Amino acid sequence: MARSRPLESRLSAPVSDSDPIRQSEIDNEQRYVDRVYTRLDELRRTVAEAEKSGYSLARVGTYGALVERDAMVFHAARRRHALEAEYEGLVFGRLDLGPDARRSDEYQSPVEPAVPGGEVRYIGRLGLRDEAHESLLVDWRAPAAAPFYRATPTDRMGVVRRRTLRSSGETVLDVEDDLLDPAAAPDTMPVIGDGALLATLSRATGRGMRDIVATIQREQDEAIRSPALGVTIVRGGPGTGKTAVALHRAAYLLYSDRNRFESGGVLVIGPSEVFVSYVSRVLPSLGEDTVTLRSLGQVVEKVNASRQDRAGIAAVKGSLRMTRVLARAARDAVPGSPDRLRVLYRGQLLELGRRALDEARRAILVPGAKRNAVRPKAAGYLLDALWRQSMGLLPAHRQQPREEFATEIAERSEFIRFMGAWWPVVTPQAVLGWLAEPGRLRRYGDGILSRGEIDRLAAAYAKSGGEWTVADVALLDELDDLLGGPPARKKPRKDPFHVVDGIREVTTYADRMAAARAVERERPEDYRDYAHVVVDEAQDVSPMQWRMIGRRGRHASWTIVGDPAQAAWPDAAEAARAMDAAVGSRRRHEYTLTTNYRNAAEIFELAAAVIRRAEPGIELPTAVRRSGVRPIDRAVAAAELAAATRAATVDVLAEVAGTVGVIASMATRDEVAGWLGGVDSDRLQVVGSLEAKGMEYDGVVVVEPAAIRAEGRSGVRTLYVALSRATQRLVTVGTDDSWRP
Ligand SMILES: Nc1ncnc2c1ncn2[C@@H]1O[C@H](COP(=O)(O)OP(=O)(O)OP(=O)(O)O)[C@@H](O)[C@H]1O
């Protein structure tokens with residue numbers, strides 16, 4: 001039993017054993033949960049019937065009936081989709097409110113209030129009403145659910161007891177209570193456990209991110225419910241729940257203004273593919289599956305990059321200087337471009353040489369002109385030049401007006417072949433590939449990049465074998481913007497509605513279901529007009545990546561979460577400017593999260609000491625959970641590193657029940673994975689330092705921390721990230737202890 005002790009002491013207290021009172025409370029809640037599921041089944045049937053009767057309205061045949069039917073079936077289909085989602089722990093919270101917080105005198109509590117004259121309110125993943133239209137379950141995003149997340153012993157919001165239910169499927173396994181107002185609680189009111197947060201945090205970590213909807217804390221809830229418009233910025237140190245907040249915010253926005261955010265779309269961007277797969281279950285578990293989730297390597301349609309560049313190369317590729325380098329590349333001649341155009345016309349040879357052709361290219365590619373889009377203009381320019389020549393060379397009676405001349409020459413196969421070679425439609429991939437030629441890159445980078453940067457960049461492209469890195473994706477997008485597409489050849493958009501006599505109407509059940517469910521799938525492939533963009537781990541977004549993301553949210557509102565202290569990007573000021581340009585001057589709402597829920601305090605103390613040595617004044621969150629286990633440092637000779645890494649991994653796997661991450665420098669990740677061959681566990685994941693961003697494991701082995709520390713100018717921050725991934729056990733293995741604080 002816990003009577004409202006401070007968070008810190010509750011977090012370090014052991015979980016109490018089950019007892020008869022606890023069991024009887026679980027049984028009570030089970031009865032309520034059964035009632036909710038019975039009602040859910042009823043509603044599923046009712047909604048299915050509403051859809052059917054919607055179709056029968058069609059037989060009436062009037063315009064009004066069609067419109068009414070459309071609306072009815074659309075809403076019924078959407079509601080049915082929400083009701084049919086598989087909910088783990090549909091009912092997860094209960095509030096016992098005092099008389100002052102009761103919604104109204106007429107309001108009927110769904111069960112006998114535990115506080116006389118008060119109200120019981122159940123919180124769940126969606127809202128449900130009973131037959132009498134009384135609230136059976138309040139959606140966690142509704143204002144009536146806010147006290148569940150916001151109430152504290154000092155600002156109780158009428159809450160006497162907050163209860164969290166833990167379930168598996170439809171079965172209630174446990175309850176955990178927080179008593180917020182002991183004075184108002186009747187003596188008969190049982191208070192079970194030490195609060196849900198501790199119970200949640202002490203559970204093992206699985207492959208995917210934990211669902212925290214039942215234990216969202218007040219400061220997190222404030223950020224989640226930040227105004228929908230403008231730019232919401234959430235900062236906080238490792239493990240403060242920034243990612244959790246970002247995902248729950250996406251779900252909250254869809255709830256608060258579904259029309260706007262579902263039809264416009266919500267785009268969530270995370271740092272890596274490993275991360276995207278780690279968080280991918282959270283939104284569906286909240287009943288939301290229309291959010292588009294992408295890693296930075298997947299933002300551009302049809303490109304999927306996961307390889308990371310070495311820090312120095314990534315810093316060049318991410319810098320805004322690349323906009324000027326790429327602008328030059330986008331205006332350059334294609335490799336093997338012909339340097340002469342010759343046409344025989346009425347017995348006279350017309351010819352344009354290299355200079356004339358270069359001049360033509362420059363004249364057409366004025367700033368802002370998109371190379372692929374202006375291709376017809378280029379052809380016209382050459383035809384003009386040839387015509388003018390013909391006018392000078394041919395006697396008057398053999399000359400032709402410009403239009404007739406142009407039509408005749410433009411259709412000649414030699415002219416078509418020449419245009420294909422001189423001004424082909426070029427892809428961003430082709431142009432970026434030109435950077436592998438040192439001669440070209442020297443021309444493009446002259447006065448913009450240093451000689452050393454040019455050499456290193458050309459070498460990196462030459463070695464890449466055409467495989468794009470994550471940083472390249474933003475460059476491809478930049479080039480796509482510079483090159484443009486060839487003149488319109490738009491695919492007709494598939495309309496999920498049938499149009500009859502100008503009336504959009506549905507003819508089949510499947511049509512309407514498709515319209516209700518697959519808003520995202522109706523969008524064009526290269527959709528760029530999202531209503532809201534969420535950027536996680538924003539501190540690592542390079543300036544060039546901000547430009548790419550900005551192109552997808554020109555009219556969007558934004559949620560940006562990050563931690564400057566974890567930034568791998570070396571030039572914070574340049575990145576901040578690029579972010580400002582991407583999100584514009586919309587109103588900003590800023591939040592800071594201050595509690596680290598992930599790391600045992602002993603683990604975070606080590607991570608904090610490492611970052612403090614480099615950045616003494618830095619503000620860090622407080623890790624409130626003590627495990628009593630200190631991190632272990634194994635110092636070994638170089639020849640023993642592989643065996644020691646293996647041994648440490650085997651030990652940590654034996655010590656924790658959940659996942660284990662082995663984190664190595666980017667350059668040694670594959671080698672380290674090789675050392676662990678044969679350590680057979682689906683709980684084990686080997687990642688490079690940059691891939692560890694946003695990840696969490698119960699046990700972590702950091703291999704050769706000094707090598708991670710030496711990864712570029714931001715190495716110390718990358719090491720700070722690696723050291724703050726573990727919930728329970730941290731082992732460092734290395735030959736060099738210079739990284740130690
Ligand atoms: N309110 C909460 N209740 C239970 N668990 C929580 C809560 N908030 C955060 N957590 C847990 O804390 C851990 C860290 O959360 P999250 O990954 O969102 O933090 P973060 O701020 O994004 O971390 P980082 O910056 O280090 O990547 C996760 O396991 C998450 O489930």
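Here the Cβ of each residue, glycine as well, is placed from N, Cα and C on the backbone.
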### Query
Of 1-27, 217-243, which span is tagged region 'Disordered' by TrEMBL?
1-27
### Message
Quick check on the binding-site residues: of Thr240, Thr243, whose CB has the lowest count of neighbouring CB atoms inside 10 Å?
### Response
Thr243
### Message
Less than 6 Å between Cβ and the nearest atom of ligand 1 is the rule; apply it to the binding-site residues Gly237, Pro238, Thr240, Gly241, Lys242, Thr243.
### Response
Pro238, Thr240, Gly241, Lys242, Thr243
### Query
With every protein chain in view, how many other Cβ atoms are within 10 Å of the Cβ of Gly237 (ATP binding site)?
29
### Message
Under DSSP, is Gly237 (ATP binding site) part of a helix or a strand, or is it coil?
### Response
coil
### Residues satisfying Cβ distance under 8 Å from Lys242 (ATP binding site), sequence separation of at least 6
Val234, Arg235, Gly236, Asp536, Val561, Gly562, Asp563, Leu593
